[in-house]
Structures are given as structure tokens and as C-alpha cells.
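Visitor: Sharing a structure, written as C-alpha cells. Questions coming.
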Amino acid sequence: MKVAYTRNYLNGVNTPIFSFKETESQSQLSTWHGYVDWKNRPAITNKHGGLLAASFVLVVEVLENLAYLANASNLVLYMSEYMHFSPSKSANSVTNFMGTAFLLALLGGFLSDAFCTTYYIYLISALIEFLGLVVLTIQARSGSLKPPTCDLQAAPNVPCEQVHGAQAAMLFIGLYLVALGVGGIKGSLPPHGAEQFDETTPQGRKQRSTFFNYFVFCLSFGALIAVTFVVWVEDNKGWQWGFGISTFAIFLSIPIFLAGSSFYRNKIPCGSPLTTISKVLIAALVNSGVSRNSTSAIVSMTSSPSLPIPTGNEGGEDSNRKGVGSIQTPSTSLSFLNRAVSDTPACSALECSVQQVEEVKIVMKILPIFACTIMLNCCLAQLSTFSVQQAASMNTKVGSLKVPPASLPVFPVVFIMILAPVYDHFIIPFARRVTKTEMGISHLQRIGIGLFLSIVAMAIAALVEIKRKGVVTDSGLIDSAKPLPITFFWIAFQYLFLGSADLFVLAGLLEFCFSEAPVSMRSLATSLSWASLAIGYYLSSVIVSIVNRVTGISTNKPWLAGSNLNHYHLERFYWLMCILSALNFMHYLFWATKYKYTSVKSSK
């Protein structure tokens, strides 16, 4: 194999291309255009890709999410009970950690599109997460690496020593190594699986849709093991065992992923998508003041070379495939970007093709939909913070069994695992017959259902907290650490509705971003689904801080401050989230009704 470099006219950078010495038998095989196998040889049509290749990705997702969620779901208790942070600081630390992990998915997606294949990004990221979990396991095992233990019931007047210094450094180095690894995996694994299907055929597109549904199913299956077995181990056997199980899970995922190497087809990186986006935006601004002849501009750009987008087989009816070849006429939508196409650009570095402009338009149209999902993820952040603390104050016994509060997500997880196959095998086929469209239920309709369910979930959460506070008052246990005489199953209702909302929005947004984005930007676009989670977690911390500051000024007692949850006005906070979610839903309806699909055979 020889490696050469050519000018990539999609983004204006030098991109490696691959040339191969083929035998006579190899030259007769049909190959996937723009895809290679794990040894950088041309990917063969009947050998690489398909359901078998994607099945390895699904198994890996079970282990990857087990490793991540086993700690994230219970981390707020670890931070408060062993690292001695206050409830609000514990909540903010966890949301910042989870937000960073998901935001770093953008880095993983960018690197997958620009420089490395999703195959190598996953392997590198898994090793980084493994190292972070090793650090956390060592700290949890050694008492000298944690603050001294304290017992508030035995000595209520003795303050607990919060983690600091080298111990705090070790804690956050481990956490953010895990966050970096998780981000890389989230940015590379879903597009790697989705790339295994031929989008030029109806069967391939339906299989890809099934993959995204089962990706969320496998994500939930890993979460089920995490929030039951691993959380029980952490609470009863020690956190060193919980971190150890997570370490083993992410380590085991690596050889399983490698076992599918001979079946994968890997998209050749096309260079930095951010270069294309930046160049078009800058060119549109610079050229806005320059008079130009639009006709000559278009003629000039149709003669400019443009790299075909890799979506199909070599030598096979490419003329009918989405995105292949140059786009010759700019669309009228977002017409201000058409100024980037000029026969007399301000400088040669800002020379843009019509195809580049149209690709940037697609990304710009996706962004409002992405932005509308952030509020849902802000609500989801409560499941890992205040909801766990609510459950911890309640009676968590089921018969003689004491259920760890962090196992509450088992309710939405089980529901998702039931709903995902039902949705794929019964609801979608029925919807296809009724609507006579390939999709049945569109991506945007699916996202809209999830956003509406989030409004219901926040209203239920507020009502449940009102009931819990009533029990606190009636029982006189407002300053007691004893469990309240109310079952924690009441909290399950908000978990159930938010979990259902997450299923609809996450699976819908993943497939929406992957199928609508230009092929050269798909990994980065798919990462927006995780970035929405990240921004939602960060926004949750910001809202908590703002609420405390505003209510502290007006009432001299912030709603969400102190070490005792019973003194919080959590029900007011949940009503606020309900109102914000309703406003966000109306905002979403505005953009969703205006959006026009660009992908093949999408439902209207």
C-alpha cells in the first residue's frame, strides 16, 4: 500500500488518499467507495459492513455504558458521603463531570471526521477511560487517599473534612480521564455502527434505523446492570469493587470490539469539517460588501473540482446517490451564505464551492433542533442529583431487601428496554402502513413526543416532592437522618416519564443528525446528541446557582442551599423546570414545522 496526499476541495486541506496494489481477483470485487477495512484496504461490498459488523458495536455499547453509568448514577453519594461535599456541591460536581464527558463527544466526532477513523478513535478513548478508572479504583481502595471518615449521628457537632489537596487532585484527575475517554467513545461508537449500513437502499436505511433503536436498547441494558448489580456492590461491598467492575467492563470491551475488525467498513476521513464551516461563514461575511455577478460565480464554481461524497459502491449507479458529485446551483434557503460563492474572492483561501455552501446550510438547519433538546437534558440531570437525594431520605426497603437509591433508574431503563423493541417491530411497521412512508414516524415527531413527556415528568416531580415534604412535616423528621415513612417508589414516576422522554429524543436525535448531515461531517453531527446532554447538565448547574442567588436575595434563604434536603424548596424548582420545558416545547414546534428533510425518502 502506498500513501499519497491530494488537495481536498471540500475543506481546502491536504488529505491522505490510499492507493493499493490489487491482484486480478481483488480488482473484480465490488468495493465500497470511500471506505476501507481495518488494514486500510478497500472495503468489499459483500464482506464488510452490515448487521454482523454492527452487532459488535451493540455488544461493546453494553459494556461501555455499564462502565460509565455504574459510577455516574451513584457518584453524588460517593462525593457527599466519602469526599464530604455538601448536597449542592456534590450535585454540581456530578453534573459538571457528566457534562464534560458528553461535551468531549464533539472532540471524538471531530477527530473521527477529520483525521482518524471511528475505529481508532474508539480504541484510543477506551484506553483513556480504562486509565481513569484505574486511578479511581486505587483511591477508593486506599483509606490514606481519602478524607477521614466521620459520623454525623454519633458526633453531629463535628464537621466533616472535605477532600482537598493531593487527594482532590487524584479524584478529579481520575474523573476527568474517564470523562475524556467517555467523550471519545460517544463521539465515535454510534457513527461507527451506523456507517456499516448501505444508505442507498431502503433495506439499508431501515436496518440503520433499527440499529439506532437497539443502540439505545443496549445502552439501557448496560445501565440496568450498572444501577442494580454494580450500585449494590458499591453500597454493600465498597466503592473499590464498584470501580473495579467498571474497569474490567471497559477493558473487556476492547477485545470484543477488535473481534469485529475483519467485518467493519471504516469511512476515510475527509479533513476538518470545521475548516469548511469556518471558511464558508467568513467568505460570506467578507464577500457581502463585494459586488459580484451571481451568474458568473455559479459558472465559475461548477467548473471547480469537488470531492465526491463517499456513500456507495465503486462503479455502480452513483448518479442516483445522495450527495455524489458537485452541486451546481445554490438553494434559496439561508441565501446570505450564497455570498461565499464568488468568482472574485477576497483571497484564494476563501474560495468556496456551491457544494461546500450547501453542506454548511444543512448544518445550520440542524442546530436549532439540537438546541431545543438541551432543556430536556437539563431535566434529566435531576435524575442523577436531587432525585437520588430525595430517594435516599425515603424508605427504600422492599420487604426485607434494602434498595440503593441510585438503583432508581432501573424503572425507566426497564421501560426503555421493553419499549425499544416494541417501537421498532410493531409501532414503526404499523406507522409505515398508515402513512405509506419509509420512516413511518419522522425523527422530528419522535423528538417532539420526548419533549412533551419531559413537561409531564417535571410536573409529576413537583407533585411528588410536595407529598414528600408533607410527610416530613407530619412525621416531625425535618432535622432527622432517619428514613421517612414514605416509600421511594413515588420517585419512580418522574424517572419513568423522563426515561421515556430520553428514549424518544436520544434515538431520534442520533438518527436525525446522522442521516441529515453531510457525509463528511456525520461523526461530528451525531456528537451533537451528546453535546446536548452536556449543555443540559451545565445548564442545570447554572440554573441552580441562579435560583439560589435570586431567591437568597428575595427571601434571605435560597431554595436549594444547605446540607439538609428537607429545608429545600425543591417543589418550586421543579415547577420552574416544568414551565421552562413548556416554553422550550413551543420553541421546538416553531423550528420543527419549518424544517425540510434533506435525506433520501424522509417522511414529510
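Glycine is treated like the rest: Cβ placed from N, Cα and C.
Sharing the feature lines straight out of TrEMBL:
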- 305-324: region 'Disordered' (REGION)
- 49-70: transmembrane segment (TRANSMEM)
- 90-112: transmembrane segment (TRANSMEM)
- 119-138: transmembrane segment (TRANSMEM)
- 166-185: transmembrane segment (TRANSMEM)
- 211-233: transmembrane segment (TRANSMEM)
- 239-259: transmembrane segment (TRANSMEM)
- 366-386: transmembrane segment (TRANSMEM)
- 406-426: transmembrane segment (TRANSMEM)
- 447-466: transmembrane segment (TRANSMEM)
- 486-512: transmembrane segment (TRANSMEM)
- 524-547: transmembrane segment (TRANSMEM)
- 573-591: transmembrane segment (TRANSMEM)
Visitor: Six or more residues beyond either end and a Cβ under 8 Å away: which residues meet both conditions relative to the transmembrane segment (239-259)?
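Guide: Answer is 56-57, 59-60, 63-64, 66-68, 70-71, 74, 78, 82, 122-123, 126-127, 129-130, 133-134, 136-137, 140-141, 181, 230-231, 233.
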Visitor: Thinking of Cβ pairs under 8 Å, which stretch from 119-138, 211-233, 366-386, 406-426, 524-547 has the most of them with the transmembrane segment (166-185)?
Guide: 119-138
Visitor: Would you confirm whether the transmembrane segment (573-591) and the transmembrane segment (366-386) meet the contact rule of 3 or more C-beta pairs below 8 angstroms, pairs 6 or more apart in sequence?
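Guide: In this chain the transmembrane segment (573-591) contacts the transmembrane segment (366-386) - 3 or more Cβ pairs sit under 8 Å.
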Visitor: Cβ pairs under 8 Å only, please: of the recorded stretches 49-70, 119-138, 366-386, 406-426, 486-512, which one is richest in them relative to the transmembrane segment (524-547)?
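Guide: Counting Cβ pairs under 8 Å, the winner is 366-386.
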Visitor: Excluding the flanking five residues on each side, which residues at least 6 beyond the ends of the transmembrane segment (486-512) place their CB within less than 8 Å of a CB in that stretch?
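Guide: For the transmembrane segment (486-512), the list is 190, 194, 208-209, 212-213, 215-216, 220, 366, 369-370, 373, 376, 379-380, 382-383, 387, 390-391, 394-396, 403, 405, 408-409, 411-413, 415-416, 419-420, 423, 443-444, 446-447, 449-454, 456-458, 460-461, 464, 467-468, 471, 526, 528-529, 532.
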Visitor: Please figure out which one of 49-70, 90-112, 119-138, 366-386, 406-426 racks up the most CB pairs under 8 Å against the transmembrane segment (211-233).
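Guide: Between the stretches 49-70, 90-112, 119-138, 366-386, 406-426, 49-70 has the largest tally.
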Visitor: Same chain, outside the transmembrane segment (119-138) by at least 6, Cβ under 8 Å from its Cβ: which residues?
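Guide: Contacts with the transmembrane segment (119-138): 38, 60, 64, 67-68, 71, 108, 111-112, 145, 170-171, 173-185, 187-189, 192, 240, 243-244, 246-247, 250-251, 253-254, 257-258, 261, 264, 266.
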Visitor: Quickly jot the same-chain residues contacting the transmembrane segment (406-426) by Cβ under 8 Å, restricted to those at least six beyond its ends, or write none.
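Guide: Those are 73-74, 77, 209-210, 213-214, 216-217, 220-221, 223-224, 227-228, 231-232, 234-235, 383, 387-388, 391, 488, 491-492, 495-496, 498-500, 502-503, 507, in sequence order.
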